[in-house]
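Copied from TrEMBL, the annotated features are:
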type     : residues : note
TRANSMEM : 21-42    : transmembrane segment
TRANSMEM : 48-67    : transmembrane segment
TRANSMEM : 74-94    : transmembrane segment
TRANSMEM : 114-132  : transmembrane segment
TRANSMEM : 139-158  : transmembrane segment
TRANSMEM : 178-198  : transmembrane segment
TRANSMEM : 210-230  : transmembrane segment
TRANSMEM : 236-259  : transmembrane segment
Amino acid sequence: KCAHLRLVCQAEQKPYYTSKLWWCGIILLGLGEVGNFTAYGFAPITLVAPLGCVSVIGSAFISVFFLKKTMRTADILGGTLTITGIYLLVTFAPNVPQELTARQVQNYLVSWPFLVYSILEIIIFCILLYFYKRKAVKHIVVLLMMVALLASLTVIAVKAVSSMIALSVEGKMQLTYSVFYIMSILMATSCAFQIKFLNQAVHLYEATAVVPINFVFFTTSAIFSGVIFYREFQNAALLSVFMFLFGCLLSSLGVIIIARNKKEEHLQIPFIDCGHIPGQKLTGKIQPDSHSSCYGTLNKEDDSLKRQS
């Protein structure tokens, strides 16, 4: 964002990919996603997915220094609620063994809870896709619901792939199993379609609406997938489950408060002067006088040419 704003202010317009600052941001974004991918191999899905709210509060505070935005009371309140929620998430996260082998993934794939869950998910996704394609319903809830349904498959595949790679690095080879490549294909495919629908939502709606709704839907779907596929809350105490869900609620509320009523900044692109278009000369008035009697009518010469034709 900062790179785009700087390029627009320059007299000579250059492509964004020529900016060193833009490439620095892309590299940092890539490193963050690598860290996020690695975290799924060492922690439960139900913990890693809600902690994505850290990026929301981080961007809200960092934008004060880079984009010169003013810190609002809502940002401080939302950040406080989110940090409180993060503390509860980390404290009451499910304590499950993190060593996930390829054989365990195979067993989870054919378990009846996941089969029922996947069938229901496919039915709901097909219904939403029907309204999206056939009825041209592009409501923000429809788009982000499809993103969330795909995200539940993504986090399942990401955790499986990340865990098997981690075990292989430790010397317990898991990459020879076919389930590793099946989950890798599932991860790449679901990510690609997520980007498609999420890009559509960002194109049609303000980011201030897309960010909190997408976070709530994504977190909910990730928790469901972790509970059903990896059975992460199987032996958890009732109090731990309640406090964990309360932490998720506080984090979601904090993200909504931070994003609520935040105005979108549009890049100020200068207009093009018609008299300076290459190869064109300004020979007359572009717009006639609105108080003239001939305003909105054809010239006599144009009218006579029309009758002759």
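Note that Cβ sites are derived from N, Cα and C of the backbone, with glycine treated the same way.
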Feature contact check the transmembrane segment (114-132) with the transmembrane segment (210-230), CB under 8 Å, 3 or more pairs: yes
Spatial neighbours of the transmembrane segment (139-158) far in sequence, C-beta under 8 Å, 6+ residues away: 37, 40, 45, 48-49, 121, 124-125, 128-129, 131-132, 183-184, 186-187, 190-191, 193-194, 197-198, 200-201, 204-205, 209-210, 213-214, 217-218, 220-222, 224-226, 229-230
Long-range neighbours of the transmembrane segment (236-259), counting only residues six or more past its ends (CB under 8 A): 46, 50, 53, 56-57, 60, 74-75, 77-89, 91-95, 207-209, 211-212, 215-216, 219, 223
